[in-house]
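I have placed the structure first, in the form of structure tokens, so that the comments after it can refer back to it.
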Amino acid sequence: MLKNDLFLRALKRQPCSRTPIWVMRQAGRYLPEYRAVREKTDFLTLCKTPELATEVTIQPVELMGVDAAIIFSDILVVNEAMGMNVEIIESKGIKLTPPIRSQADIDKLIVPDIDEKLGYVLDALRMTKRELDNRVPLIGFTGAAWTLFTYAVEGGGSKNYAYAKKMMYREPAMAHALLGKISGVITAYVLKQIEAGADAIQIFDSWASALSEDDYREYALPYIKDTVQAIKAKYPDTPVIVFSKDCNTILSDIADTGCEAMGLGWGIDIGKARAELGDRVALQGNLDPTVLYGTPDRIKAEASKILKSFGQHTEHSGHVFNLGHGILPDMDPENLKLLVEFVKEESAQYH
């Protein structure tokens with residue numbers, strides 16, 4: 001039995017004594033303890049060494065007091081498992097080769113055996129689960145098909161997604177063929193993560209806002225829904241969070257995927273999102289990460305605004321406090337610690 005199951009209870013919209021909190025990229029460069037591990041190796045080797053991935057996954061639980069751990073990995077391990085060469089060069093960016101721009105390129109991508117190609121993530125999940133010893137839940141994750149598609153077609157990050165959109169608008173059948181192939185791997189991967197011990201899954205659609213509403217409905221949401229529904233069919237008790245960053249005008253469509261919770265960027269008032277959705281889903285978020293550059297009083301004031309905006313909890317409401325995106329590398333860890341402690345104390349009055 002989990003000693004602290006608040007995160008899972010909030011996702012399932014069950015009564016909680018307070019609002020749980022974790023933050024995206026909580027295992028990362030803002031922590032001196034993470035940097036000490038990272039100095040010994042490169043980023044992808046850290047992801048692929050279960051002992052090290054376990055160590056950095058647990059650091060924020062012990063140092064910051066967050067209510068959930070998220071396995072240390074990267075969304076691009078899926079692209080790599082499918083046969084692409086992935087280079088992650090800190091401060092320079094991400095390079096994937098060769099870029100996927102033809103049907104022949106798509107055909108060359110493999111549909112990997114998850115245990116064989118991504119076994120290191122599953123080993124890290126199992127090891128972390130043991131080390132956590134039921135202290136807090138463990139989150140597994142994946143990138144969404146659209147986001148992984150953009151990396152594959154662009155060959156890295158992009159400002160305007162020209163190659164990805166060119167394929168969408170000139171060769172829509174080809175775009176769907178690639179999205180479908182990636183989506184199948186994503187689904188198999190998250191099911192294996194749950195089998196290995198993940199208590200919840202988050203789907204990161206980091207580049208969601210690159211698409212218009214109609215295009216998001218056509219090229220992104222159906223694939224997210226496929227993955228969510230596959231999880232529901234096999235592991236109905238495992239909650240899924242969908243983080244479609246800055247898709248604030250189609251919240252209802254995202255809820256229609258069947259997810260338990262929706263991650264919000266900081267560009268929307270969480271109270272407005274709740275008013276629109278009712279208590280159909282739990283909400284996660286949504287403090288602007290740069291607030292953590294602020295003074296202690298300002299950090300508390302901004303966090304308080306979010307708790308107040310979400311408002312009083314009902315029998316079927318759920319809120320997980322988080323940032324609206326990942327914590328930045330130069331943040332002061334003491335400011336995150338202050339935020340975590342403040343949310344734990346301040347949120348009880350709303351429950």
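Every residue, even glycine, has its Cβ placed from backbone N, Cα and C.
Keep in mind that what you see is a predicted model, and the values were worked out from it rather than measured.
Among Ser102, Ser183, Ser206, only Ser206 appears in Swiss-Prot as part of the substrate site alongside Arg25, Gln26, Ala27, Gly28, Arg29, Asp74, Tyr151, His325. All protein chains considered, the CB of His325 (substrate binding site) has 22 other CB atoms within 10 Å. Cα separation, Arg25 (substrate binding site) to Asp74 (site 'Transition state stabilizer'), rounded: 10 Å.
Separating the Cα atoms of Ala27 (substrate binding site) and Asp74 (site 'Transition state stabilizer') is a whole-number distance of 12 Å. Distance between Cα atoms for Arg29 (substrate binding site) and Asp74 (site 'Transition state stabilizer'): 14 Å, as a whole number. Tyr151 (substrate binding site) falls within a helical segment according to DSSP. Of all Cβ atoms in the protein chains displayed, 27 besides its own lie within 10 Å of the Cβ of Tyr151 (substrate binding site).
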